[in-house]
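The annotation transmembrane segment is assigned in TrEMBL to B:20-39, B:60-90, B:102-123, B:130-149, B:169-190, B:219-238, B:250-269, B:276-295, B:301-319.
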Amino acid sequence: MAEYMLELKGITKTFPGVKALDNVYFKLKPGEIHALMGENGAGKSTFIKVITGVHPADEGELYFNGQRVDIKNPTDAKRMGIAAIYQHVTCYPDLSVTENIFMGHEKIQKRTKRILWNDMHTAAEGLLKELGAGFSPKTLMGSLSVAQQQIVEIAKALSVDAKIIIMDEPTAALTKRESEDLYRIAEGLRDKGAAIIFISHRFEDMYRLASRVTVFRDSRYIGTWNVDEITNNDLIIAMVGREITQLFPKKEAQIGEELLRVEGLGRTGYFADVSFTLRRGEILGLTGLVGAGRTEVCQSLFGIERSDKGKVFLNGQEVNIRKPDDAMRKGMGYLPEDRQKQGLVLQWSIGRNITLSSLKKVSGKGVLNLEKEANLAKSLAEKMNVKAKSIFDLAGSLSGGNQQKVVFAKLLTTDVEVIILDEPTKGVDVGAKSAIYEIISDLACQGYGILMVSSEMPEIIGMCDRVAVMREGRITALLERHSITQEAILQAAMADERPLQQQY
Amino acid sequence: MEPRIVTNKQPFSYKRFFLQWEWMLVLLFLAITVMNMNLSEFYWDYENLRDATMGFLDKAFIVLPMVFVIILADIDISVASIVALSSVIMADLFNRGVPLELAMIICLVVGTVCGWINGMLIVKYKELSSVIITLSTMIIYRGIAYMILEDQAAGSFPDWFSYLGWGYVGSIPFILIVFTVFAVLFSLLLHKTVFGRQLYAMGNNTTAARFSGIRVDRIKVIVFTLAGLMAAVTALFLTSRMGSTRPNIAMGYELDVIAMVVLGGISTAGGKGRMIGAILAVFLIGFLRYGLGLVNVQAQILLIIIGVLLIAAVAVPQLKRSNRLTRNT
Amino acid sequence: MNTFDPPAAAPRGIWPKSMLSARIAKFRELGLLGFIILLSIGVQLRNPSFLTLENINDMATNTAILGILAVGMMLVIVTRGIDLSIGATLALSGMIAAQTVSAFPEIPPVAVLLIGTVTGLVSGIVIGFLVSKIGILPIIATLGMMNIFRGLTFWTSGGKWVSAHQMPVDFKAIATGKLFGINNLIVIAIIIYVIAYYFVNHTRTGRQIYAVGSNPDSAVISGINRDKILWLVYSIMGGLSGLAGVLWVSKFASAQGDTASGYELSVIAACVLGGVSIAGGSGKISGIILGSVLLGILNNALPLINISAFWQTGIQGAIILAAVLINAIVKRGVDRNHLMRRKI
């Protein structure tokens, strides 16, 4: 057997406008758990898609057990025994667990083509037992929890006898104890000879499981280390790659009176007991792991989903926000997490997108004034420094950073004082990032109160005056400027604690 | 950094101007006219054409709001049943002694309420599609019409009522004038107002529209309510033309209306298309029907033609898209 | 099979048994059955001629065609589609079959059934092509084809009826004849149900229909040919409509241009009542049997308890709407329960 089960050399993958992977290397030994780490947008997901054949590589070489191979489609990967377990489980909620496990490779009688249900149920039961799951294989997939569905996905990988199992952020949506079970399962698989690529944000996951770690940054390969040979600090520098304060042009803003106060906000099943205040000129960070409830809090504040507990005060007045329109009228704007789906009408021109939130301003008695509209759009596009020839360019044709600037421009057309930014630099290239930080900093100086949700540690540390950290739907720490450190945030985001008692 | 100069004037482009679906409709319209003139010497005659227009304009009132519905990427197949229900209630009330003027107002109210119910159900049960909701209400509304009149006809309206569908102002049909007024109103509403812009935004990306502060639920309810109201307007004119009504009146109108809208270049995927296209399609199908009627082509063959037109109108853009996709990959 | 010791710390209790939605699915079928029984008892009390052998046989015969069509419609709805053209397909196949027998009276009944089925199959293949290969929305495609098939029916018949005296006895015997003392229509329906049950539950293709409806994107990743599955379900729907067309014409001994006009709505009602989810992915054979039976009983019982036939449309519509809304509300309850169980 070759020394490496899987070896990737100089892999490059380009999407229109973006180099998603740039000359990347990766080596996987048999029977190891190998952590793959990096910030959002470092190229981890594209890397998986190359290995699983969803997006074949443009350049580079792949070796499987020392043999040069091409993985052109998912079937090739499947044949080689590569299985992936995705962050967002892709399953058939209306079908049974057994069917979900065996979809695509059902056991059938050779001659009559009849499905051998009993064989499949027995095999599924065996797999589930092996993984320590207590539910029956006849259960409907849709009625399982996310953790249970992940077990099914793992069982699916086992059922095809996968040699290489890729787990993409499997612990993101799991509680502490559920993660602990997942670790044991992963170790069990490793002991049986499977090699596991474990992708995660969590340092905890890496230290607990992996023997080696590979780091990607900005679509490039940074290095591979043995886990016990690299210090926490070096790993962070490898991931972040720069002195944290350099990139952030934060100017000191005059912090004024209180704009927003939230008291005991809660929504069943998503978050509870969320309280904080936001002052004029202040940037308040809201961080935590993916799935901790940050976006849900913002969307409740903005009236996308209704919260069922708690109070919200704007400028000292209690407000009842039922829909985004209310929020904007009362002076609160929101920059959504997914700009392509929630922020922009991609088929539309830049100009129309910019004015969409404030059509009232460019109309009289409900009738649009196109000239006024064009002027407003032009002035804001220029103010945000959007790189485009005219306001009639389609929003869909812009790069990620420019699209985000358009969404900012749209936000600024409205008369708001409080701005909620949900992952404002997600999927934006490095150059455009600092431009966006500059915009945010300027806004704070102009006296806006800014609530910034982010998963990116450096961004939070470099930009925020205060930081609220969430874990499992609750705020676990509120850090003042001088006490904002990587360690403090990480500790609050995943402190070791029993799961909170169940609520009924 | 020096701000870049972004232009805010759109240059005129011949390509964009002529590559519009509406030009194809105009060509098709001319082709039909030439064909009809060759088929029958009676076709090209002002009075004949004028009277033919009166015959097909009744359902055109529903086409106007249906454009809105389909721009929202929804569909309303209950409109024909709303026509029947509001017409039946009007006639029945009148036959029970209610003054006709009042009955006509009630007719409009009934249509509006029916449309409002559709809209509310669709907004409150977002997990259900407008297909299944309006399919159910289509059966219910028609069913209520049957409960009221059973297999009877109602009518014997006073003479003045027939003016709606048969009368002229000078030498121009009254119905044509009313339709023109509505068509202009709906076109302005769609293309010149905030409401229209918001409709297009919702049709392209409802989520982004909602996140931009547009009151999407309210707009959807308004659109379906408008469809109900205009169905009731159709009921007035259709009943006037028929002179009496039965529960099975306007059977199959939803198909004609949807066919006209789709042929008019309004995409069933939502967010695309213009009012003028749908209005052209109304006249196109109307004159086609009239011309073929002159040479005694059966009504059933027309069914086939409308079906083919509907499918072709949806299929052609789809084919174009898949071609482009294959070329890209 | 490879084994390693199951983790000791992961006992059963950690994965909460959450089979509520499964339980509700079971409960709805029992509920439906209970409702059918209560309804029957109620009607029987009002009119004792309801539960006579003769009337039951009558009812079953009348329900058979509805039940056959419901099988095809269920498959279509499971893939998140809808087919409004089946009434027209039924009429077209029935008309072609009737004209064939009136022109060649000595043709064997089996051949006529075949002709009708093939006509329907071709119609279904056309619709399947439009939906799967061209990508037209099912509602638009079937609405358009409904018109075309209806027009073709009038065109082939020249607007005339084919009436009882033009049909040979053999042909009419398809619907009146019996096999082992059971009416042929019921026998055919039972055969179709058995085949359909085997097909959807015990073949890969059958399960793939559900997979496509449950999650179309995953289906493609699993290597399922989505276009093929869509094409298949509309073809099956067409074939069954064709068969039903021959049976219909034989049963009522007449073929007309407007045969079965609006019948698609009853079929959709039977499916929705039987718990077939409009959102796709779920629907059971046992459910649509119950749905068809309930509709059959309603249609038969309403006249027996002196409710005007003109109320039937309205009642049917109200039932569809109620069933759809109740499905949605139950689903919301289940989702809410899931949320409550989360530890926040």
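Using the three backbone atoms N, Cα and C, a Cβ is placed for every residue, glycine included.
Automatic, uncurated: that is what TrEMBL annotation is.
Keep in mind that what you see is a predicted model, and the values were worked out from it rather than measured.
Here the transmembrane segment (B:130-149) sits against the transmembrane segment (B:60-90); at least 3 CB pairs are under 8 Å, leaving out pairs fewer than 6 apart in sequence. Comparing B:60-90, B:102-123, B:250-269, B:276-295 for CB pairs under 8 angstroms to the transmembrane segment (B:169-190), the maximum falls on B:60-90. A Cβ distance under 8 Å defines the sequence-distant neighbours of the transmembrane segment (B:60-90), meaning residues of its chain 6+ beyond its ends; these are 103-104, 106-108, 110-111, 114-115, 118, 122, 130-131, 134-135, 137-142, 144-145, 148-149, 154, 179, 182-183, 186, 190, 199-200, 202-203, 220, 223-224, 226-239, 245-254, 257-258, 260-262, 264, 266-273, 275, 278-279, 281-282, 286. Residues 255-256, 258-259, 262-263, 265, 267-268, 285, 288-289, 292 of the same chain, all 6+ positions outside the transmembrane segment (B:301-319), place their C-beta atoms under 8 angstroms from a C-beta of that stretch.
Residues 21-22, 25-26, 28-29, 32-33, 35-36, 39-40, 42-43, 49, 52-53, 55-57, 60, 63-64, 66-67, 183, 187, 256, 259-261, 263-266, 301-302, 305-306, 309 of the same chain lie 6 or more positions beyond the ends of the transmembrane segment (B:276-295) yet place their CB under 8 Å from a CB of it. Cβ atoms under 8 Å from those of the transmembrane segment (B:20-39) belong to residues 263-265, 273-274, 276-277, 280-281, 283-284, 287-288, 290-292, 294-295 of the same chain, restricted to positions at least 6 beyond its ends.
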